[in-house]
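The domain 'tr-type G' annotation in Swiss-Prot covers 17-362, and the record cites sequence analysis as its basis. Swiss-Prot lists 26-33, 158-161, 216-218 with the feature GTP binding site. The annotation N6-succinyllysine is assigned in Swiss-Prot to 152, 272, 572. Taken from Swiss-Prot, the feature SUMO1 cross-link applies to 239, supported by similarity to another entry. As annotated by Swiss-Prot, phosphotyrosine applies to 265, 373, with the evidence given as similarity to another entry. According to Swiss-Prot, the feature N6-acetyllysine maps to 275, 439, 445 (among others), an assignment based on similarity to another entry. The SUMO cross-link annotation in Swiss-Prot covers 322, 529. Per Swiss-Prot, the feature phosphoserine maps to 325, 595 (among others); the stated evidence is similarity to another entry. Annotation comment: Swiss-Prot describes 435 (among others) as phosphothreonine, evidence class similarity to another entry. According to Swiss-Prot, the feature diphthamide maps to 715.
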């Protein structure tokens with residue numbers, strides 16, 4: 001089993017230049033877990049015979065059954081580079097042994113919050129792409145997240161065995177396929193990255209540099225251009241140059257790699273490389289990549305799969321492959337696996353690519369610090385993170401909770417960015433709502449134990465220095481999902497993670513047996529801990545609601561709740577979609593509300609946001625924490641706001657960060673600042689529970705036009721102003737043509753050409769519309785992209801499969817909010833049905849009349 005001890009790992013942990021923290025990310029079913037296996041078996045944790053079948057990192061029973069990864073799992077590997085390979089590393093290094101902390105993450109879009117949590121604690125990412133289906137929606141989503149977190153990508157083209165055996169591609173076609181995938185990935189990187197002048201420099205991937213791997217995870221073989229360049233350099237050197245020193249050799253190999261990709265051709269007649277596709281004699285020359293790399297692979301496949309015994313024996317001898325005695329008698333696919341695995345072992349190729357091209361914590365924390373840390377860029381904590389200093393103050397980010405074997409307890413899983421964490425150390429545990437100088441969300445407690453995560457096992461360890469990934473015992477009572485752990489008194493929080501999906505699907509749950517209610521509540525608390533994304537809400541009516549990213553996500557959550565967290569039988573409602581409320585025009589009257597004691601008056605109007613502003617707020621381009629003038633300039637330039645008004649934004653809401661704005665455009669009002677807090681509180685309340693059906697508001701700008709206040713402070717307290725502000729906000733919404741917004745999924749469907757018609761049928765029935773259709777070049781597959789309301793998406797997958805004979809594979813991602821056409825006050829319209837259903841579910845009466853909110857002078 002594990003062939004190195006905890007002490008050995010601990011010794012390397014101090015060599016922070018030799019640590020690599022990386023995650024494996026990709027579209028669903030592109031083979032992350034299978035590839036991870038070949039890495040794990042190389043580092044001596046699975047017996048190599050079973051690699052490719054165990055999916056070691058799929059630790060849960062349901063992951064093994066469904067063949068999907070649900071939770072991201074961490075594992076530490078140890079790899080030693082040979083002296084020759086060390087010369088390829090361009091950053092600082094310390095000895096030949098490397099510690100690789102690898103996190104296998106799920107590819108299914110419903111679990112992309114798990115990916116976000118994994119990305120936060122790593123510095124590099126291995127992006128896996130299936131070379132048959134190419135770059136998909138989820139590849140793009142995850143890669144975009146990685147680049148936003150300043151994580152350096154390397155690419156792996158997986159499933160080459162399929163390209164050769166199923167699609168039967170020619171070498172040139174295969175080269176074009178690879179070329180296209182590399183281009184697609186680079187387009188995504190350059191779109192979302194910061195360019196070459198940014199702090200990370202150039203992070204584009206390029207086969208010539210060795211940042212692209214090719215291979216097959218299932219068969220356990222892989223290579224980068226470096227492997228072949230080394231073979232050829234050795235071959236040419238054998239012809240008479242004598243021995244090369246390691247550094248010269250590295251230089252030669254790098255030159256060779258440049259010749260093996262792109263428009264470079266090889267003339268087999270005289271063994272020379274040329275840049276033109278025709279030889280001096282006018283013969284058409286083969287591309288070097290096809291001739292020197294793909295051709296030998298094709299020959300091996302051809303000889304073995306067509307049972308050509310003599311040819312196979314010749315090739316094995318020529319390639320110098322040593323087979324075990326039991327492998328010699330195999331034929332067909334088993335022999336192919338054995339030969340390829342011996343000739344181009346996947347573990348070596350990938351681990352070399354990871355150690356050579358991904359950054360160590362020392363390199364990465366320099367440019368990631370400003371994204372990770374909220375405090376000033378020059379305090380002790382920030383300096384400790386930037387220099388990755390084990391003697392600095394402890395700064396550690398907990399990105400998620402991992403359930404232990406013992407019910408209801410969790411390991412806190414995270415990464416040490418600065419300092420040293422050890423068993424028994426007294427630390428400050430800061431939740432996401434902590435603000436420096438306040439007591440809220442802060443605990444001072446000792447750490448009970450520090451442990452090392454090993455896939456399905458944990459190993460106790462004394463202490464862990466910065467740059468490493470670690471689990472803590474005994475912190476789980478004080479944190480819900482994420483948080484910062486530090487020993488520095490004036491430390492600010494590490495920045496909260498931004499999820500690329502939002503929980504839009506909800507289910508109400510109740511215990512079948514009412515006596516089990518306390519267990520259900522306890523179970524919901526544990527569920528909220530164990531999943532970074534899920535929200536557990538208790539409605540005013542006493543309902544327990546679970547909100548998740550989609551059907552599959554909710555299904556897994558409910559199963560966990562029933563079996564692991566609450567351990568009781570549960571009844572669940574049908575899934576319900578959350579809506580948002582908005583307005584479509586400016587209020588047609590200036591709305592006035594008087595306070596209950598009739599001494600104060602507020603005048604307001606509401607109007608809709610310009611297109612794109614709500615999305616900017618969601619992304620954090622415009623936020624409450626920004627510098628005032630900078631924000632005003634942005635709004636004025638991009639959305640043509642009046643600069644004076646843009647400077648007087650009071651707040652965002654709901655929760656102080658949401659996509660609604662309260663601006664003050666009053667002129668010369670007395671005592672205005674004294675009631676500001678009360679109006680803001682009313683605004684937060686109103687935007688959280690809108691006028692139509694108490695859903696959140698979105699994309700509404702409220703303007704305070706005028707305020708008349710009583711001169712005596714006692715008559716304008718919070719009790720007078722807050723409800724008045726809320727009534728006034730409601731009135732201004734109801735007079736501004738209110739509308740409902742529904743969430744929309746972006747659906748990507750992969751299917752053969754002949755079933756495209758069936759897809760259109762299903763989408764039209766479900767109010768979806770197709771906006772792009774393209775053929776995947778070099779394959780008979782079509783990709784259809786469509787928008788589909790989340791409300792209609794339940795059972796969509798099953799419906800689609802039955803209409804296309806199971807040949808279409810849909811993938812849904814939450815994309816945007818869209819206005820539901822129709823007036824909520826017109827009884828025959830769709831929005832009015834939704835409003836009625838929602839109000840009935842929440843136990844509310846019908847929409848109150850405008851007169852309840854609007855007062856006469």
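Cβ atoms are placed via backbone N, Cα and C, with glycine included.
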Taking every protein chain in this structure into account, which of the modified residues 152, 275, 572 has the most other Cβ atoms within 10 Å of its Cβ?
152
For the modified residues 265, 373, the one whose C-beta sees the most other C-beta atoms within 10 angstroms:
373
Candidates 152, 265, 272 (modified residues) - the one closest to residue 439 (N6-acetyllysine) by CA:
152
Going by DSSP, give the three-state secondary structure for residue 26 (GTP binding site).
strand
Could you please provide the mean pLDDT value for the domain 'tr-type G' (17-362)?
75
Which residue among the recorded positions 272, 529 has the fewest other Cβ atoms within 10 Å of its Cβ, if you could check?
272
Most Cβ neighbours within 10 Å: which of the recorded positions 216, 325, 595 is it?
216
Among the binding-site residues listed here, 26, 160, 218, whose Cβ has the fewest other Cβ atoms inside 10 Å?
218
